[in-house]
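Novice: Quick paste of what TrEMBL says about this protein:
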- 16-39: transmembrane segment (TRANSMEM)
- 59-78: transmembrane segment (TRANSMEM)
- 84-103: transmembrane segment (TRANSMEM)
- 115-139: transmembrane segment (TRANSMEM)
- 145-166: transmembrane segment (TRANSMEM)
- 187-205: transmembrane segment (TRANSMEM)
Amino acid sequence: MRGWTGLDPTGNILEFFLVAMASIIAIMNPASTAAVYAVLTNGMTEKEKAKVAHQSMKIGALVLLFFAITGQLVFAIFGFDIPAFRIAGGILLITVALGMLFPKNNEFKDKDMENISIVPLAFPMTCGPGTITTVILLAAEATNVFQTLIVFIAIFIGVFLSYVGMKYSPQIFNVIGEEGFKVIPKLMAIIVLAIAVQFIINGIIEVMPQILHIPG
């Protein structure tokens with residue numbers, strides 16, 4: 001049976017890895033995290049900036065790993081199955097994508113150093129609802145230990161890219177400019193929107209046999 005990615009979860013390991021990486025990185029959107037970090041840490045010392053980056057990435061990684069490990073338990077506790085979560089997750093991701101396409105100008109203005117490493121850098125920038133949903137679904141798709149490890153690796157790579165983006169945000173900003181920081185999140189949003197639609201389509205396809213089944 002094919003999962004929300006449209007791929008056979010028992011198939012090619014490399015294929016699963018590429019899909020996991022593309023999904024997590026697109027939704028995590030390291031470019032947006034770097035841009036927000038650059039604004040919020042403006043005026044801080046290098047030591048303070050490094051502390052904020054380390055704390056936010058550590059929190060983000062731990063939260064995503066927690067949901068990757070306990071995702072199936074969530075299904076069992078609340079009594080729903082994967083198709084239902086795919087459809088709900090797809091709807092949620094659509095709102096995330098729309099928020100990325102049409103951000104509010106007054107977001108993330110609080111520059112309290114004690115708080116910004118948690119909100120907004122860890123949540124919702126690194127491990128927001130969309131990323132958590134994606135991680136749970138990928139973990140549910142994993143049919144063996146190798147694919148489970150791939151989900152963990154994809155999480156660490158995504159978090160690492162966000163950290164690199166924050167650490168080198170001044171240099172990146174100088175290279176791609178302000179317009180580049182505006183364009184990249186929009187491109188990521190389109191990818192997230194496509195992933196969200198695929199969530200919903202595959203969830204509906206899986207539940208259709210149950211809906212159309214008429215007992216004899």
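Glycine residues also receive a Cβ, built from the backbone N, Cα and C atoms like all the rest.
In TrEMBL, annotation is done automatically, which means it is predicted and not curated.
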Novice: Of the stretches 16-39, 59-78, 115-139, 145-166, 187-205, which racks up the most C-beta pairs under 8 Å with the transmembrane segment (84-103)?
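Specialist: The stretch with the most contacts is 187-205.
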Novice: Output the single range from 16-39, 59-78, 115-139 maximising the number of Cβ pairs under 8 Å to the transmembrane segment (187-205).
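Specialist: Highest pair count goes to 16-39.
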Novice: Going through 16-39, 59-78, 145-166 one by one, which has the most CB pairs that fall under 8 Å from the transmembrane segment (115-139)?
Specialist: 59-78
Novice: So if I exclude everything within five residues of the ends of the transmembrane segment (16-39), which remaining residues of that chain have a CB under 8 angstroms from its CBs? That is, six or more out.
Specialist: 5, 7, 9, 52-53, 56, 93, 96, 100, 108, 120-121, 125-128, 130-131, 134-135, 138, 141-142, 147, 150-151, 153-155, 157-159, 161-162, 164-166, 168-170, 172-173, 181, 184-185, 188, 191-192, 195
Novice: Six or more residues out from either end of the transmembrane segment (145-166), which same-chain residues have a Cβ under 8 Å from its Cβ atoms?
Specialist: 9, 13, 16-17, 20-21, 23-25, 28, 30-31, 33-34, 37-38, 49, 52-54, 56-57, 60-61, 64-65, 68, 121, 125-126, 131, 135, 138-139, 172
